[in-house]
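Notes to accompany the following structure.
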Amino acid sequence: MKCGNGIEARQVNELFINVDPIQAGGRLTGDAIKAIIAYGDGYSVCDNCRKPNRLDCIAKPPIAEFHKDVAAWLNMDAARMMPGARRGFQAVAHTYVSKGNPVLLTSLSHYTEFLAVEGAGGVACEIPADSNHLVTPDAAAAKIEEVKQKFGKAPVLAIIDHVDYQYGNLHDFAGIAKVAHQYDVPVLYNGAYTVGTMPVDGKVIGADFIVGSGHKSMASPAPSGVLATTAERAKEVFRTTGITGDVTGRKFGIKEPELMGCTLMGATLVGMMASFPHVKERVKHFDKELVNNRIVMEALLSIEGTKILSEYPRKHTLTRVDTTGSFDRVAETHKKKGFYFSSALNDKGIFGLIPGATRIWKFNTYGMTEKQTRYLADAFVAVAQENGLPVK
């Protein structure tokens with residue numbers, strides 16, 4: 001089936017159990033799909049844009065109400081929807097970071113955090129993770145002291161992942177934020193893998209800013225995300241324009257420079273809005289997600305030579321696995337080499353592993369039913385047994 005000239009209709013989620021680590025939390029709800037069709041035209045949400053002529057103030061569809069609801073849901077004071085989490089990082093970095101300023105990141109930070117700092121002219125200063133791939137408050141304190149010695153001042157900003165993309169480990173964000181605040185360092189909470197999948201309370205964790213990814217964890221179309229702030233920081237990041245044309249004398253009302261005037265628009269925004277009631281409900285049941293994930297973990301660990309590189313027991317559904325001692329042993333002599341593994345799983349209706357990967361790889365069980373996770377667990381064991389690997 002085609003949906004355009006040379007464009008094959010994508011049917012991955014209809015035909016397979018999808019374990020792709022970055023796709024699990026972004027699968028659309030039925031309501032979001034309907035919203036995309038209804039609001040697919042470019043400026044569709046602007047039908048009723050009136051003074052003050054800013055998108056987040058539109059009442060129909062209820063965009064203004066949605067922004068207030070998201071801020072309240074995260075227990076923050078203000079929020080704007082962004083074209084992806086990376087644009088949230090960018091807005092905050094551009095506001096607080098100047099050329100040569102030190103910015104606190106971690107050794108597990110996503111590349112988009114580095115690029116946001118680079119774009120603002122800052123210097124990346126990484127808190128090293130420990131041997132368990134965890135970033136700790138003590139390590140944060142030591143790094144801040146190191147930065148003070150080197151730069152003569154504390155970092156101007158800290159960007160800290162609650163759950164990192166490499167291991168899916170849950171870091172002590174609240175503890176790190178407490179340390180950073182002792183040095184008057186504002187802290188950005190990177191919730192790309194948490195906002196929309198598990199409960200997040202900005203006041204409790206001590207975040208000055210919360211960034212979430214709509215297309216990664218809020219069942220939303222891409223590119224979409226959220227930037228939420230405290231009231232104090234909202235005045236700075238969501239400041240309004242002050243520029244005036246020297247010939248025309250034109251001014252631009254209450255447009256916000258860090259959003260290039262307006263918040264996220266069109267089908268992406270309304271898709272987020274349509275999924276939001278479902279997202280608010282599902283974060284209440286994250287414990288069930290961990291129960292389902294455990295089923296797969298136990299199956300993988302029953303295959304001799306398999307190791308879980310992420311913290312264990314798991315506190316998140318994104319997991320990094322080392323099968324150098326199991327599935328990669330088969331790849332050494334298999335006629336398909338490492339491609340046999342993803343091929344065998346595809347034949348069993350499982351999609352999302354990088355083709356050819358049999359050593360270290362990641363997967364995500366978020367959103368699966370218990371029946372699906374049991375099927376996935378059995379599939380891993382079956383592939384092992386079919387290829388002569390010992391199973392406990």
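Positions of Cβ are set from backbone N, Cα and C atoms, glycine also.
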Problem set entry | Same-site pyridoxal 5'-phosphate binder from ASN75, ASN101, ASN190, given that Swiss-Prot records ALA85, ARG86, SER213, GLY214, HIS215 | ASN190
Exercise. Once ALA85, ARG86, ASN190, SER213, GLY214, HIS215 are set aside, which residues in the chain still have Cβ within 8 Å of the Cβ centroid of the pyridoxal 5'-phosphate site?
Worked result: MET82, GLY84, GLY88, ALA192, VAL211, GLY212, LYS216, SER217, PRO223, SER224, GLY225, VAL226
For this session: Using DSSP with the three-state reduction, classify ASN190 (pyridoxal 5'-phosphate binding site) as helix, strand or coil.
Result: strand
For this session: Between any two of ALA85, ARG86, ASN190, SER213, GLY214, HIS215, the residues recorded as binding pyridoxal 5'-phosphate, what is the biggest Cα to Cα distance in Å?
Result: 14
Problem set entry | Residues that sit under 8 angstroms from GLY214 (pyridoxal 5'-phosphate binding site) by C-beta distance, when 6+ apart in the chain | GLY26, MET81, GLY84, GLY196, SER220, PRO221, ALA222, PRO223, SER224, GLY225, VAL226, THR268, GLY271, MET272
